[in-house]
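OK, Swiss-Prot features for this one:
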DOMAIN    124-330  domain 'ATP-grasp'
BINDING   154-209  ATP binding site
BINDING   ASP284, GLU297  Mg(2+) 1 binding site
BINDING   GLU297, ASN299  Mg(2+) 2 binding site
Amino acid sequence: MSKINLLLLCGGGSAEHDISLMSANYFETSLAKSEQFSVLRVELDKFGQYRTAAGDDCELTNSREIRFRDESKTPWPVDYVIPCIHGYPGETGDIQSYFNLIQLPYFGCESEASSNCFNKITAKMWFSALGIPNTPYIFLNQFDDAAIEQTQAALAQWGSIFVKAASQGSSVGCYKVDDSAKVAGVLKDAFGYAPYVIVEKTIKARELEVAVYEYNGEVVATVPGEIICDTNTFYTFDEKYAKNSKARTDVVAQHVSAEISEQIRAYAIKAFKGMKLRHLSRIDFFLTADNEILLNEINTFPGSTPISMFPKMLQNHGHDFTEYLSLVINGQLTAKS
């Protein structure tokens, strides 16, 4: 049986470029455990240039092959691609649109679902439409005096707010604000990351995460895990990825009742199915002291770094990551043929 030529595409050039490379390491190691795949790792930089791990400049062509700048190298046909890219252009749905155009099968959510989840405003509209509770918010489409006034009014009403660039991940362009004097500066910074900004009420709550993925034709939601920050603030980019981070993770959140856990999992599956996600996601919730459950956000290509929750929760649920990848990829290619 011939091997599947699998393109492992990573990087992307966004603020999460280096995190993508860390996740790609995990995918590469997992795929190497199977004899089904011939893997070519290619990094995409912020200028749209492709380069193999061996340092060869190349490009992905409309003929679904990797063509090398060194024309003495034979083009490498691509059967399947894993776009291991956090942020733009992976989780935004942009690169998936290209794969659809050239009819190249790929791992993960499709373009529209990715885009809907990555934009925090669109995502919250979907959550509400599906009847899933989420944090109170307003959204802004330009930085002007009216936006500053609206944000200050929200701060006065809610006491504390988060100002977030609507289309960024890993807490990039995200600011906690308690002082009205800082509103204008924070808004200016947030609009520097995205054309739309969302302002949310600060929720004092536990941060719970659920891995939701497809396995043998079923949508699986794990029991919630938990992020615990030593700083007792929100989970910043540095808290997530800095080597000296004091944040810790519990693969199974402690002191969560079976009833609450099942409700969170039900909401997670409802979001996954309702927003037509595919293959994998990590869905994050807040749980308040009054046991109020609020959907926070959906990650359509969750991190797979040494500290990331998704692979740990999948493994804790009894599923092997390599076997999971094999099932998804083979099932998809079989259906295509």
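All residue numbers here begin at 1 and follow the chain in the order shown.
Any Cβ shown, glycine's included, is placed from N, Cα and C.
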Same chain only, sequence gap of 6 or more: which residues have a CB within under 8 Å of the CB of ASN299 (Mg(2+) 2 binding site)?
GLU91, CYS117, GLY169, SER281, ARG282, ILE283, ASP284
Relative to the Cβ position of TYR196 (ATP binding site), how many further Cβ atoms are located within 10 Å?
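Result for TYR196 (ATP binding site): 18 other Cβ atoms within 10 Å.
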Would you mind listing, in sequence order, the residues at least six apart from ASP189 (ATP binding site) in the same chain with a Cβ closer than 8 Å to its Cβ?
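Long-range Cβ contacts: GLY173, TYR175.
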Measure from the CA atom of GLU297 (Mg(2+) 1 binding site) to the CA atom of ILE203 (ATP binding site) and give the result in Å, rounded to a whole number.
14
Hey, of the binding-site residues listed (ALA154, ILE161, ILE203), which one tops the CB count within 10 A?
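Neighbour-count leader: ILE161.
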Could you please provide the mean pLDDT value for the domain 'ATP-grasp' (124-330)?
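The average pLDDT of the model in the domain 'ATP-grasp' (124-330) works out to 93.
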Whole-number Å distance between the CA of ALA154 (ATP binding site) and the CA of GLU297 (Mg(2+) 1 binding site)?
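Computed Cα spacing between ALA154 (ATP binding site) and GLU297 (Mg(2+) 1 binding site) is 21 Å.
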